[in-house]
Each structure stands twice: as C-alpha cells, then as structure tokens.
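Student: Here it is, the structure in full.
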Amino acid sequence: MADLSLLQEDLPEDADGLGVDDYSSESDVIIIPSALDFVSQDEMLTPLGRLDKYAASENVFNRQMVARSLLDTLREVCGEERDCIAVLERISRLADDSEPTVRAELMEQVPHIALFCQENRPSIPYAFSKYLLPIVVRYLADQNNQVRKTSQAALLALLEQELIERLDVETKVCPVLIDLTAPDSNDDVKTEAVAIMCKMAPMVGKDITERLILPRFCEMCCDCRMFHVRKVCAANFGDICSVVGQQATEEMLLPRFFQLCSDNVWGVRKACAECFMAVSCATCQEIRRTKLSALFINLISDPSRWVRQAAFQSLGPFISTFANPSSSGQCFKDESKSSEDKDRIRDDGVVQEEQSRPEDAPSDLSAPHSSARLDGTLEGCAAETPGDSAGDMRVPADSSLLCTLSSESPQEAASDAESGKKHDNNSKSASRPDVGTSSPEPTPLDQEMFNSFHFWRTPLPQIDLDKELQQDPGERPSPERTGDAPAAPVPGSPSITMATRKELEEMIENLEPHMDDPDVKAQVEVLSAALRASTLDAHDEAGGAEQRSELQDDAVGAGGELPNCSISEDTSEPLVIAAEENMEATPDYIHGGADVGPGGGGGFSPDEERRPKVQDVVPQALLDQYLSMTDPSRAQTVDTEIAKHCAYSLPGVALTLGRQNWHCLRETYETLASDMQWKVRRTLAFSIHELAVILGDQLTAADLVPIFNGFLKDLDEVRIGVLKHLHDFLKLLHIDKRREYLYQLQEFLVTDNSRNWRFRAELAEQLILLLELYSPRDVYDYLRPIALNLCADKVSSVRWISYKLVSEMVKKLHMATPPTFGVELINELVENFGRCPKWSGRQAFVFVCQTVIEDDCLPMDQFAVHLMPHLLTLANDRVPNVRVLLAKTLRQTLLEKEYFLASASCHQEAVEQTIMALQMDRDSDVKYFASIHPSSTKLSEDAMSTASSTY
C-alpha cells in the first residue's frame with residue numbers, strides 16, 4: 001500500500017492541536033513537529049480497512065489511488081481466501097463509481113488483477129469469471145468514451161493472454177457484443193463493437209467466429225445507414241476471412257466483399273483495396289483468377305485517387321497470392337531450407353547428395369525444380385546421349401504426352417516420387433519395349449518444340465501413368481481403340497481461349513462508364529490489346545495442336561503405340577515437370593534448367609528478347625498494371641511513391657512468375673534501378689540478393705550483376721543495402737565472377753560522410769562472412785589490408801568487430817596448407833600493432849590476442865610460439881591502459897585454457913612470472929586485475945569499459 005501514502009486526509013487543519021507556534025514554556029525553545037513524530041492512523045488499519053476508508057472518500061483523487069493500488073492490496077491478503085474475496089467484492093462496488101476517471105483507472109488494473117487471480121487460482125477460484133469479467137463487459141457500453149476505450153483494450157489483452165474461458169466468451173462476451181451491434185444501438189458503440197468483434201476473431205478461433213460473430217459481421221457489411229460500420233468491416237475483412245477459412249469465405253463473405261468494393265463511399269473501397277491480399281489468400285485459385293482479378297482491376301481504375309493509390313500498393317502482394325512452388329521453382333519447407341537442397345534419389349533407390357563445387361553452388365541455392373529429374377520416367381521416353389549438354393531437356397515429340405505433371409503439394413510430390421521410383425525399378429524392363437519408339441537422338445524439330453523455353457511457355461496436361469504401367473502388354477489397347485476415346489481439352493485450346501476472351505470483354509464492359517478518367521481509358525486500351533492477342537493466340541494454338549497431332553500420327557504409323565493415358569486439365573495452377581536422366585554414369589543434373597537454352601548457354605536469344613511480356617501464371621491484366629507502375633504519369637495521377645511500392649514488391653512478383661517469366665519483369669527492374677529517387681534504388685538494393693536466389697545463377701550473372709555494380713557506386717543510402725547482404729549475393733555468383741569484386745571491397749572504406757561509422761562496422765561484419773568464399777591467397781592479398789585498416793578505426797565499435805575479423809582471418813590462413821599466409825599475417829600484426837608507437841595500437845594487439853584465445857583460432861601451442869612472447873613484452877608498457885588489458889587477458893582468458901593449466905612448460909612459467917610482475921605494478925588497477933580470480937569478473941564488460949574509456 002505504498003501508494004496510499006499519497007492519499008489526502010479529510011481532517012481540519014488544527015485537528016491534532018499542534019502548530020508551528022507550539023513551544024516549550026520551560027525552555028522557550030520553539031519545537032517544529034515532524035510527520036515522523038506521529039503514528040499515522042493508516043498504519044493502524046488493516047489493508048481492507050484502508051481500502052474501505054479511501055474507497056468511501058469524497059475526494060476523487062483518493063478513489064483513483066484506491067483503484068491503482070488494488071493489486072497491491074490483493075498481494076497483501078492473498079494468503080486468506082476470505083480476504084481476497086472481500087477485495088474482489090469491493091472492486092465490484094468501486095466499478096459503480098460515478099466518476100469516469102475512477103472507472104477508467106479501475107479498468108486499466110483489471111488485466112493485471114486477472115493475471116494475479118490466474119496465478120493464485122487455488123486460493124481464489126472463479127474469481128475472474130465471477131467478479132471481473134462482468135465489469136469489463138458492462139463497460140463496453142459505458143457512456144464515457146475513455147471508459148469504453150479502456151475496457152476494449154482490457155478485453156483484447158485478456159483474450160490475448162487466454163485469461164477468459166471459452167465458455168465465458170460464448171455466454172458472456174459475444175452476446176453483449178451482438179447486442180451492441182443491433183440496429184437500434186448507439187452509432188459510436190456499434191462501430192466500436194464491430195471493431196472488437198473483428199479483432200477478437202483470431203483469438204477465439206474458427207468455431208466461435210463462424211457460429212457467433214460471422215452472421216452479425218455479414219449484416220454489418222450491409223449497414224446502409226452508417227458508412228463508418230461498413231468501413232470497419234472492410235478494414236478487418238481479411239482477418240475474418242483468414243479465421244473462417246476458404247469455404248465460409250467463398251460462400252458467405254465474398255458476396256459482401258463485392259458489395260463493399262463497389263460502395264458509394266471511397267473510404268470503404270480504399271479499405272477493401274488495403275485488405276485485398278488477405279482476402280485472396282482465403283480463396284481458391286479459380287475464384288482468385290476469375291473473380292477477384294476483375295474486381296481488383298475495378299479498384300485500380302477507381303475514380304478516387306486514394307482508392308487507386310491503395311490498390312496499387314496492394315497490387316504486388318495480390319499478385320504474390322498466385323504463387324505456386326511448381327511455377328516458381330522454389331519451395332521452402334521447415335528449417336528454412338529449400339526443397340531443392342534435399343537429397344536426390346537415383347533409380348536404384350540410393351539417396352545421394354548433389355555433388356557441386358562450393359564456389360559454384362552454395363549450400364542454400366541449388367538447381368530449381370525445373371532441373372529436377374522426372375519421377376518415374378521411362379528410358380525410351382526421354383533418352384539422352386552422353387554428348388548432350390546438361391542444359392538440354394529433350395523430350396521426343398511422339399512421347400510428349402508421357403510426362404507426369406504435378407500440381408500437388410511439395411510434400412505429396414516427394415512421397416509420390418519415392419513410390420514412383422520403386423515401381424519404375426520393378427517394371428522398367430517390361431515397359432521399355434512397349435512405350436518408347438523414339439530414337440536416342442532427337443530431331444531438330446523436337447529440340448525447337450521442347451527446349452527449356454518452349455517447355456515452360458504453356459502448361460501441359462496432367463497425365464496418369466499408373467494405368468499404362470500396371471497393364472500387361474496384352475491388355476494394352478490398340479491405336480484404333482485409343483483414338484476412339486474423347487479428347488480432353490488442354491490448356492490453350494479454343495474452349496479455354498473463349499473463356500479468357502469472355503473475361504476480357506466483361507472487364508472492358510465494366511470500365512466503359514468511366515472512360516473520362518485517363519487511367520480507366522489506358523486500362524481499356526490494355527484490355528483491348530489483350531483481347532486481340534488472345535484471338536491471335538487461339539489461332540496459333542490451333543495450328544500447334546494440328547502439328548502435334550500430325551507428329552503423333554506419324555509415330556503411330558511407324559509402329560509406335562500411344563499408351564492409355566488419362567489426361568486431366570488443370571489450368572488453375574502453374575505446372576512443373578521434373579526430368580530424370582537415365583545415363584549409366586554419374587548423372588549430370590540440369591543446372592538452372594529454366595535459364596539455359598538448347599545449347600546449354602545462359603541468357604536468352606534475340607528472338608526470345610523480343611517476345612511479348614505474356615505469361616500464364618497470373619492474369620495478364622494484373623501484370624500489365626503492375627508493369628505500368630513505373631510510368632511517370634502514374635506518379636502524377638496516383639502516388640508519388642508508386643515506384644517505391646513497385647520496387648518493394650518486385651521480388652514477390654518475380655517469385656510468383658518464376659524465372660521462366662523473368663523476361664516480363666526485366667525491363668521494369670532496369671527502369672526501377674535507374675529511378676531518380678534514391679529511395680527506390682535503395683529498396684532494390686536491399687532485396688537484390690533475394691531476387692538472385694529466385695532467378696538462379698545464369699540470370700543473375702546476365703541481368704542482376706550489372707545493376708549490382710551500379711549500386712556499388714551509388715549513394716551511401718543505396719550502398720548500405722548492397723553491403724548488408726554482400727555475402728548473400730556474392731555466394732550466388734560463379735567463383736570467377738566473385739573474384740572480380742575483390743578489387744572493389746576497398747571502396748567501401750570511403751563514404752560520403754566520414755562520421756558514418758556504422759557503414760564500416762557493417763563492412764567488417766560482411767568480411768567475416770566473406771572469408772569462406774575466397775581462397776587463402778585472396779584473403780591475404782585483398783581482405784587483410786581492409787581488416788587491418790578497420791582495426792585502427794576511430795570508433796571503438798568498429799574496432800571491436802574488426803578484432804573478430806582478424807582473429808577469424810588468422811584461423812582461416814593458419815588452417816590453409818601450407819600455413820605461410822597465416823604466419824605472415826601474425827608477423828604483420830606484431831609489427832604494425834604489437835610494436836606500434838601509439839599505445840592504442842598496442843592495446844589493439846592485446847585485444848586481437850584475447851579474441852584469438854577466446855575463439856580458439858589458433859592451437860595453444862602455436863599461439864605460445866607466434867603471439868605470446870610479443871604479448872608478454874607489453875607487461876613493461878609505459879601506458880597503464882595497455883598493462884590493465886594485458887592483466888585481464890592473462891588472468892581471465894589465457895590461464896583458463898587447459899594447455900596452460902596442465903603443462904609445466906617454459907611458456908607457463910613465463911606467463912606466471914609476467915602475472916607476478918603485474919601484481920607488483922605501480923598502478924592499482926593493474927594490481928587488481930592481475931590478482932583477482934578469473935571467475936570473479938567478466939572480461940568482456942571490463943574490457944569494453946577500458947576500450948570506451950580511452951576515446
């Protein structure tokens with residue numbers, strides 16, 4: 001009850017009969033009484049007595065202090081259940097206080113009191129549910145705004161800490177919130193209640209949300225009288241969708257969302273645009289593609305600039321919801337490891353790790369899914385001669401329908417792959433003569449149709465091979481019987497093209513009423529062009545289908561058989577194929593299959609460069625709008641920061657499209673990289689390493705390296721983005737390309753502002769990581785001078801990181817064979833720092849030795865030979881700071897090593913003699929640190945204080 005000492009007594013000024021004029025008549029000495037001379041009446045009261053006294057006070061301040069000290073009172077009486085219940089009952093009476101400030105103060109203490117009751121549940125069972133929760137719920141409808149806000153915050157805090165029982169949520173909380181959102185409820189209270197319902201939905205779970213919250217939420221979305229209510233519903237729409245799941249979202253929420261997106265109030269439409277990504281994540285691919293895309297196009301073309309601004313900011317995140325591991329070539333599972341890093345499974349069922357050079361293929365970036373091997377493939381279906389390039393993925397024309405395509409989850413695909421391989425091993429000899437009629441050498445036409453680019457250009461049908469593999473040769477149908485089966489539609493067929501054209505026509509029709517807006521007019525032009533392109537694509541696909549049909553007829557006529565394959569259409573998700581090479585020797589995996597052409601080289605041919613920016617992963621209209629975000633006119637009509645938003649979401653869009661569609665984004669990325677605003681370039685610089693992982697080494701070397709080089713020469717605000725992820729980017733490059741940057745690392749020491757020491761500190765951090773990427777000679781020739789320069793930096797934080805860098809460098813060079821560079825580095829440390837004329841250099845030498853000992857960068861016998869003699873000579877240094885640090889290092893670090901504790905060598909004797917000399921030093925601090933036991937203090941704290949005190 002410490003706070004009660006501040007309480008004001010409601011007593012007359014002369015009640016105690018004492019005043020400053022009192023004095024002793026005998027001695028005529030004036031006595032001024034002190035408050036410590038009297039026993040306060042409060043000290044004579046019990047905690048409950050003090051609580052009752054001040055809770056009934058007419059002074060508002062006293063009642064506020066009572067509310068603030070309730071938790072302390074509970075702690076004092078927690079040993080007695082009866083007293084705890086008495087305090088809780090007085091809380092209920094205090095909740096009826098007429099002063100809003102008292103009620104608000106009480107509500108601020110409720111979460112703390114509830115937590116105390118939960119921790120002491122055996123003493124006061126059901127205390128919260130019976131005494132506190134009714135107060136919280138009642139205050140949700142309080143007339144005072146401050147009390148309502150405080151109770152709402154308290155309710156959310158209680159739900160977040162799971163202090164409210166599930167039954168109480170259903171029977172006490174939700175009914176009150178539903179009543180507060182009734183049509184006849186107060187407008188302000190209704191709006192706040194809807195917001196509370198939306199925020200508590202993720203905390204109470206799917207079941208309660210669907211049964212109790214969702215019906216009323218749908219009603220509030222259609223509240224015609226209060227646009228504030230609709231705006232709150234729109235702003236929290238994504239949270240509700242993520243809680244209730246896909247089915248409830250599509251059946252109940254989507255119709256309301258469409259209404260909100262066309263609301264008369266622009267604030268409601270803007271809120272819809274801001275939560276569009278969350279809504280999209282809760283729907284299936286088909287609805288996302290057919291309905292939400294058209295709805296989003298309407299928001300992008302909205303008459304209100306604020307709505308368009310919010311829509312463009314959400315465009316990149318919305319496009320990212322179309323991402324599929326099979327189309328992107330990347331799939332990240334647990335432990336943050338890419339599925340591409342998993343072990344490869346050979347035909348014989350033996351798991352082997354992918355062989356790759358460390359400098360060419362870093363551990364966290366390997367070949368994409370497009371370069372994986374086909375699950376359960378047949379040798380006659382995808383034969384390849386040893387002379388073929390690893391970059392070729394050749395599939396004969398007459399067997400193009402024999403490839404197993406997968407649009408399932410990566411986990412399912414992995415399990416199917418194992419079972420498929422086992423089945424393939426058992427049936428390979430039986431199936432080989434019946435399936436394959438293709439020759440080992442593909443024809444030039446095959447190479448043109450099924451090179452890596454055309455292979456990814458259009459999705460292929462999904463085919464089930466199990467039926468054909470499980471049938472005996474005698475049971476397989478004849479070509480005539482196979483031809484009688486009805487043909488299933490494939491992607492790119494006229495029926496699918498008709499659906500696309502119909503979708504485009506509907507979009508154009510919806511936008512025509514807003515043709516006065518230049519943005520809407522531009523959008524109509526884009527959609528019209530897409531409509532014309534879809535018409536042309538329909539003719540091209542029809543011609544290609546006829547050509548494939550002729551090739552298959554020729555194969556059948558030559559004596560081949562087409563197996564009985566059930567073809568199923570799956571246009572809702574991008575497809576991926578994994579091709580397995582059947583070479584008897586060690587398999588050469590297709591590296592970056594989406595990046596390499598028929599000749600195995602990287603990059604794209606001139607014909608591919610000129611191809612239109614068309615893809616099939618996301619609706620083309622969305623991609624066109626995203627690409628238009630770099631248009632200068634957008635900055636004037638939408639948002640001056642629109643280019644920055646485009647740059648921020650570009651890695652997500654690139655991951656969604658996959659590296660096979662990088663040609664759609666290349667020009668946009670180059671435009672952003674040369675943007676006049678440094679914030680745009682800075683955003684790209686911070687994410688270029690992520691984009692390099694997505695694109696693979698071939699495209700990175702061709703398209704990202706030039707931009708990366710430009711960022712290295714940019715402003716410091718841009719360069720810091722490159723520097724923070726320098727190791728992450730360089731490890732993705734080929735060793736030869738990586739070595740080119742050794743000459744540019746020195747430039748990071750030069751900054752626009754010499755006081756920007758954090759830049760140099762980050763450089764030291766990155767150099768520690770870069771040690772593993774370069775050879776010992778490169779480390780010695782290029783990284784060593786930078787490290788020694790940083791060790792002499794003016795700022796202690798930079799020097800501390802640099803000591804770690806030098807010690808790691810000593811470790812790497814000493815482990816090299818032969819350790820010549822390591823010895824030379826140690827000699828340079830001794831010469832430049834151990835014998836430095838400046839005492840700060842000699843102190844740095846001690847710090848480096850200390851770090852080498854702590855991190856075991858050198859074997860102790862080698863340390864005793866190369867560094868310790870020079871270290872011990874500093875015992876006679878004329879500067880006390882150096883001797884203090886030496887005493888700490890010897891006593892607290894060196895003597896803790898087993899080598900110096902167990903061996904009775906001359907090195908141990910030299911250390912003991914040095915410590916004895918330091919214990920007799922004329923400086924008291926040196927004596928202290930040379931005498932104390934190693935475990936009695938922390939070296940890092942003392943050393944840091946020594947370092948900081950010297951500058």
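Think of each number as a place in line: the chain as shown, counted from 1.
Keep in mind that glycine also has a Cβ here, set from the backbone N, Cα and C atoms.
As the structure is a computational prediction, the values presented were derived from the model and not from experiment.
Below are the features listed in Swiss-Prot for this protein:
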- 332-360: compositional bias 'Basic and acidic residues' (COMPBIAS)
- 464-483: compositional bias 'Basic and acidic residues' (COMPBIAS)
- 539-551: compositional bias 'Basic and acidic residues' (COMPBIAS)
- 594-604: compositional bias 'Gly residues' (COMPBIAS)
- SER936: phosphoserine (MOD_RES)
- 326-395: region 'Disordered' (REGION)
- 407-501: region 'Disordered' (REGION)
- 539-569: region 'Disordered' (REGION)
- 592-612: region 'Disordered' (REGION)
- 26-63: repeat 'HEAT 1' (REPEAT)
- 82-119: repeat 'HEAT 2' (REPEAT)
- 127-164: repeat 'HEAT 3' (REPEAT)
- 168-206: repeat 'HEAT 4' (REPEAT)
- 208-246: repeat 'HEAT 5' (REPEAT)
- 248-285: repeat 'HEAT 6' (REPEAT)
- 287-324: repeat 'HEAT 7' (REPEAT)
- 502-539: repeat 'HEAT 8' (REPEAT)
- 699-735: repeat 'HEAT 9' (REPEAT)
- 777-815: repeat 'HEAT 10' (REPEAT)
- 820-858: repeat 'HEAT 11' (REPEAT)
- 862-899: repeat 'HEAT 12' (REPEAT)
Student: Sort the residues of the repeat 'HEAT 2' (82-119) into helix, strand and coil with DSSP and give the three counts.
Tutor: 33 helix, 0 strand, 5 coil
Student: For the repeat 'HEAT 3' (127-164), give me same-chain residues lying six or more residues beyond its boundaries with a C-beta closer than 8 angstroms to one of its C-beta atoms, as numbers and ranges.
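Tutor: Distal contacts: 84-85, 88-89, 91-92, 95, 100-101, 103-104, 106-108, 110-111, 113-115, 117-118, 172-173, 176-177, 180, 188-189, 192-193, 195-196, 199-200, 203-204.
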Student: State the non-local partners of the repeat 'HEAT 2' (82-119) in its own chain: residues 6+ outside its ends, Cβ under 8 Å from one of its Cβ atoms.
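Tutor: Sequence-remote neighbours of the repeat 'HEAT 2' (82-119) are 47-48, 51-52, 55, 60, 63-64, 66-68, 70-71, 73-75, 127-128, 130-132, 134-136, 138-139, 142, 144, 146-147, 150-151, 154, 157-158, 161, 163.
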Student: DSSP says what for the repeat 'HEAT 9' (699-735): how many helix, strand, coil residues?
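Tutor: Taking each residue of the repeat 'HEAT 9' (699-735) in turn, the totals are 29 helix, 0 strand, 8 coil.
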Student: From the DSSP assignment alone, can you count helix, strand and coil residues within the repeat 'HEAT 10' (777-815)?
Tutor: 35 helix, 0 strand, 4 coil
Student: Other than its close neighbours in sequence, what residues sit by the repeat 'HEAT 11' (820-858), given a CB gap under 8 Å and a spacing of at least six beyond its ends?
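Tutor: Distal contacts: 776-777, 779-780, 784, 788, 791-792, 799-800, 803-804, 806-811, 813-814, 866-868, 870-871, 873-874, 877-879, 881-882, 885-886, 888-889, 893-894, 897, 939, 943, 947, 950.
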Student: Summarise the repeat 'HEAT 5' (208-246) as counts of helix, strand and coil residues per DSSP.
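Tutor: Its residues fall into 32 helix, 0 strand, 7 coil.
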Student: Do you know the DSSP helix, strand and coil residue counts for the repeat 'HEAT 6' (248-285)?
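Tutor: The composition, in the requested order, is 30 helix, 0 strand, 8 coil.
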Student: Using a Cβ cut-off under 8 Å, which residues of the same chain at least 6 positions beyond either end of the repeat 'HEAT 6' (248-285) come close to it?
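Tutor: For the repeat 'HEAT 6' (248-285), the far contacts come to 210, 214, 218, 221-222, 227, 230-231, 233-242, 291-292, 295-296, 298-299, 302, 304, 306-307, 310-311, 313-314, 317-318, 320-322, 572-573.
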